[in-house]
C-alpha cells in the first residue's frame with residue numbers, strides 16, 4: 001500500500017515538474033513563464049520530497065530534512081518569484097501583446113520604487129486617470 005502512495009506521489013510530482021518545463025517553452029512572456037514555473041516546480045519538488053520521506057520511514061533524518069526542505073521551498077519560492085517579477089517590471093521587461101491591462105501602470109514611484117495604493121491622493125505618486 002505504501003508503495004502505491006510513493007509511486008503516486010512521485011508520478012504527480014514528476015508531472016508537475018514536466019508541466020513547469022512545458023510552461024517555460026509555451027508561455028508567451030517572462031511573467032507568465034515565471035508564474036507557471038514557480039507554482040508547478042514547487043508542487044512537484046514538494047511531492048517528490050514527500051515521497052522520499054515515505055520511502056525512508058525509519059530514517060528520521062531523511063524525513064526531517066524532507067519536511068524542512070518542503071517548508072522552506074514553499075515559503076521562499078513564491079517570495080523569490082515575486083521579487084524577480086517585480087525587478088523585471090522595474091527594468092521594463094516586455095509584456096505579452098495579449099496583456100489586457102497593467103494594474104501597476106503609474107502606481108510605482110520610479111525613483112524610490114515604492115508602490116502607491118491608488119486610494120490616497122497624497123502619496124506622491126502619479127495616478128492613472130480612471
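Glycine is treated like the rest: Cβ placed from N, Cα and C.
Because TrEMBL annotations are produced automatically, they should be read as predictions rather than curated entries.
Taking TrEMBL as the reference, the stretch among 68-91, 92-115 described by the feature transmembrane segment is residues 68-91. Residues 30-31, 34-35, 38, 41-42, 45-46, 49-50, 104, 108, 113 of the same chain lie 6+ residues outside the transmembrane segment (68-91) yet bring a C-beta within less than 8 angstroms of a C-beta in it.
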